[in-house]
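Features reported for this protein in TrEMBL:
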- 1-71: region 'Disordered' (REGION)
- 8-37: compositional bias 'Polar residues' (COMPBIAS)
- 57-70: compositional bias 'Polar residues' (COMPBIAS)
- 122-143: transmembrane segment (TRANSMEM)
- 163-185: transmembrane segment (TRANSMEM)
- 192-213: transmembrane segment (TRANSMEM)
- 219-235: transmembrane segment (TRANSMEM)
- 242-259: transmembrane segment (TRANSMEM)
- 265-283: transmembrane segment (TRANSMEM)
- 304-325: transmembrane segment (TRANSMEM)
- 355-411: domain 'MIR' (DOMAIN)
- 421-477: domain 'MIR' (DOMAIN)
- 482-539: domain 'MIR' (DOMAIN)
- 614-641: transmembrane segment (TRANSMEM)
- 653-672: transmembrane segment (TRANSMEM)
- 684-703: transmembrane segment (TRANSMEM)
- 724-742: transmembrane segment (TRANSMEM)
Amino acid sequence: MAKEECITQRNKTGDPSTLRNRKTFPTSEKTLRTPSTPVLKDKNRHTTGLKPEDDTQSSNGTSAQLSARGSFSDEPQNKVFLMLVVGLSLSTRLYKITEPPHVCWDETHFGKMGSYYINRTFFFDVHPPLGKMLIGLAGYMTGYDGTFPFIKPGDKYEHHNYWGMRGFCAVLGSFLPVFAYLIVLELSQSQTAALITATLLIFDTGCVTISQYILLDPILMFFIMAAVLSMVKFSRQRYRPFTASWWLWLVLTGVNLAGAMGVKFVGLFVILLVGLNTVWDLWRLLGDLSLSLVDIAKHFLARVVGLILLPVFLYVTVFAIHFVVLNKSGPGDGFFSSAFQSRLIGNNLHNASMPEYLAYGSTITVKNLRIAGGYLHSHWHLYPEGVGARQQQVTAYLHKDYNNLWLVHRQNNNESQSGTPDLVRHGDVIRLEHKETTRNLHSHLHEAPMTKKHFQVTGYGTNGTGDANDLWQVEVCGGQKGDLVKVLRSKVRFLHRATGCVLYSSGKTLPKWGWEQVEVTCSPYLKETPSSQWNIEDHINPKLPNISLSVLKPHFLEILLESHIVMIRGNSGLKPKDNEMNSKPWHWPINYQGLRFSGVNETEYRVYLLGNPVLWWMNLASLGLYLIMVAVASVALQRGFSLGQKRIEHSHVLMRGGGLLLLGWLLHYAPFYTMGRVLYYHHYFPAMLFSSMLTGITLDILLKSADLLLRPPYSDWLERAGQLVLLLTVLYSFYLFHPLSYGMTGPLAHEPGSAMAGLKWMDSWEF
C-alpha cells in the first residue's frame, strides 16, 4: 500500500500524461471551460483531464484546450488593461518629445545618416542600414528636408523639423511595454504578472530616455520584442498547424528577425533565441508518434521557409534598397574598394576616364586592398618621441583627402620633360614623393609603432632629396618583368630595396598622436596578402590618353559581401572618443554608470540616461529570487512532494515561461563579456527587457504564494498589499528620478536646490 501511494504521489508531479488523465481537481477543469471566469480569481490556467493524445504541452505552460479556445489575451478584461498600457506608454514617451531643441548624444550620427538617405548620399556605418533608413523615411514623411548638418551635440535645431524622427523612435519605444505585457500574459496566463511587467517598463527612466531621441536602440528593441511575441504566439498555435493564424505568426516571426538583424548585428542574439526554441519544438514533434515522417518534414520545411529563407530574403532586400537609394558619392567612399566607388555618382571614379597604365611623373593615390585598409597617406605631423625615428608620419587614411596624393619618380630623378612619359613596369625601382610635404616614402630598421615585428615607414627628405631608404621596387602580383601596371586593375606590391620588406597596412588603429588612422608598416614577411597589396586608384597625367572605367562596376553580391566585411571590421575596431563614457558589462545590471545625453553644467539643459535604480535593482534581486524558487520547485517535484495543483502550475510557469526569459536575458547579455570593442551602458537595454519580464513572473508567483504563510482571506489581503506596495514603489521612484529623462536645469545633484538633491546614491552617477 505504501509503495502504491508513493507511485501515485510521483505521478501527480512528474508524469504529465498521468496529470492530464486523472479525474481530480474538477474546479480547475471547470475554470478552463468557463471563459467568463474573472482573471484575478483564476490566477493560473494549467489544465487537467485532457485526452491522452494531447500529452504535449506548450512551452508557456498552457494546454491544448486553452489553445483551441483562443488566446487568453483576447478576453475583454485584458483588452481594457492593454489599452491602459498603450495609453500610459505613449504618454510617457511622447511627453516633451521636442525637448531639448538641440542635438543630443548619438543623434549626431543617426540624425545625420537619416539626412544622407534623404539626400541619397553614400556613407559608412558599422551597423546594417534598416534603422537609419526608417529614421530618414520618418523625417522625410514629416517634412524634414535633410539639410541640418548634425555636426556635434548641443547644436540648435532652430527651424529644422526634427520632431518627426524623434517621434517615430518614441512610438516604437512605446510598443516595448505593450509587447512585454502580451509576452508575459501568454507565458504565465496571469494578468497580474503582465501588468507588473508593463508597469516596470512604462515607469523606467532609462527606457523612457532611450526611446525619446533619434537612435537605433528603440528600433532594435521594437523588432526584438516583436520577434519574441510572434514566437510565443506561434507556439500557442501548435495544436492548429498550417492554419492561417499558424502561418501568420510564423511569418511575422521571420519578418521581425530580419528587422532586428537589419538594425544592428546584435539582432543575432534574438535569432539564436528563436533558433533554440525552434530546435526544441522540432525535437518535441519528432517524439510525437501520431505524426508521420512526412508531417514532420512539412513542419521542418515550413520553419526553414519562415525562419531562414524569408528573413534572409528580407535582409538582403534591405541592402538592395540601401544601395539603390544611396547612389551619390559621400563621406563613406574611402572605406570601400575602388570598384565599389565607381558606381557612385559624383565619385571621381564614376564614369571616369584616366590613363590606363602607370607612368613616371604621374600624380596618384594608392589604396590598400585589405577591406578598410585605407589610402597611403602622410601629413606634417611627426612620430612622437620614443616611437621609432622622429620623422614624418605615414599612415593609411580611410577617406578621400589631398594628403593621399603621391608623385611617381624614377630612382635617379631622370624623367622625360617632353613627349610621352615612360611607363612603370614590373621590377622597376621608383621613388614616391608626397605631393603636399615633398617628403619621400621611406623605411628603415626601426620597429613599427604598433606591429613590433615590422619596420617603421616614414616620410623623409626635402623636395625629393633623400637617401637609399627611399627606393621601392614595383612588383605586379602574378606578373613578370616588363609587365605594365594597370590603373585600378593591377595588384601591386612595393618592396623596400634596402631592407627587403614589403609595404603593408596592418589594419591597427594608431593612438591619438596618429589621429586614429591606420598603421602602415614595412613587413619582413613577404607572403602575398591583401594587406601587402595595393592598387593605383587616381591617376593624373595630362601627357597620357584616358580610357573609360565603367567596366569596373561590381555586381550586387560583390558589394553586399564587401559592405559586410567593412561593417564587421569597423564594429570590432570601435574605440571611445575623448571624454566619452564607456563601461564594462558587469556595470550594467547594477546601474553603476549612466550616459550623459545632454548638458554638463547648471546653465545647460541636462538629460542623463540612467535606469530607474529602484526597478533595476529589483530586477537584479528577482534574478536571484527566480533561481532560488526554481531550485526549490525542482527539488519538490523531483522528490515527489505532495503539491497542490496551484503549486504545480506555478512551477511549470517558472521553469518554462521563466526559463525562456532567462535564456533571452543571458543571450542578450553574456556575449558582451567576449567582445573586444568599446562597450556602452545602452547595450544592456535589450537584456533589461527580458530581465523585467522575468521579474513580472517571479514577483507575481511570489505574491500568489502568500497562502504558504497565511490562510485565506489573510493570504489574499497580503497578496493585494504586496501588489499595492510594489505599484506605489514604482510610481514614487519614477517621480523622484523623472527629471533625468525629461530634462533639468539649475543646480547639480550635489548642490542645494537641485531637482536631484539627495538622489545621487552612487558616486559613479554623473548628474
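Every residue, even glycine, has its Cβ placed from backbone N, Cα and C.
Curation does not apply to TrEMBL; its annotations are automatic.
Long-range neighbours of the transmembrane segment (219-235) within the same chain, counting only residues 6 or more positions beyond its ends whose Cβ lies under 8 Å from a Cβ of the stretch, are 58-60, 71, 130-131, 134-135, 169, 172-173, 175-176, 179-180, 182-183, 186-187, 246, 249-250, 252-253, 255-257, 259-260, 262-264, 266-267, 270, 273-274, 277, 281, 664, 668, 685-686, 689. Between the transmembrane segment (265-283) and the transmembrane segment (653-672) there are at least 3 Cβ pairs closer than 8 Å, counting only pairs 6 or more residues apart in sequence, which means the two stretches are in contact. Long-range Cβ contacts of the transmembrane segment (192-213) within its own chain (Cβ-Cβ under 8 Å, at least 6 residues beyond either end) map to 40, 43, 81, 85, 88-89, 92-93, 96-97, 104-107, 166, 169-170, 172-174, 176-178, 180-182, 184-185, 594, 597, 607-612, 615-616, 618-619, 682, 685, 688-689, 692-693, 695-697, 699-701, 703-704, 723, 726-727, 730-731, 733-734, 737-738, 740-742. If you look at the transmembrane segment (724-742), the same-chain residues 6 or more away from its ends with a CB under 8 A from one of its CBs are 95-96, 99, 196, 199-200, 203-205, 208-209, 212, 594, 607-610, 612-615, 699, 755-756, 759, 767. The transmembrane segment (614-641) makes contact with the transmembrane segment (653-672): 3 or more of their CB pairs lie within 8 A, with pairs spaced 6 or more apart in sequence. Taken through DSSP, the domain 'MIR' (421-477) splits into 3 helix, 29 strand, 25 coil.
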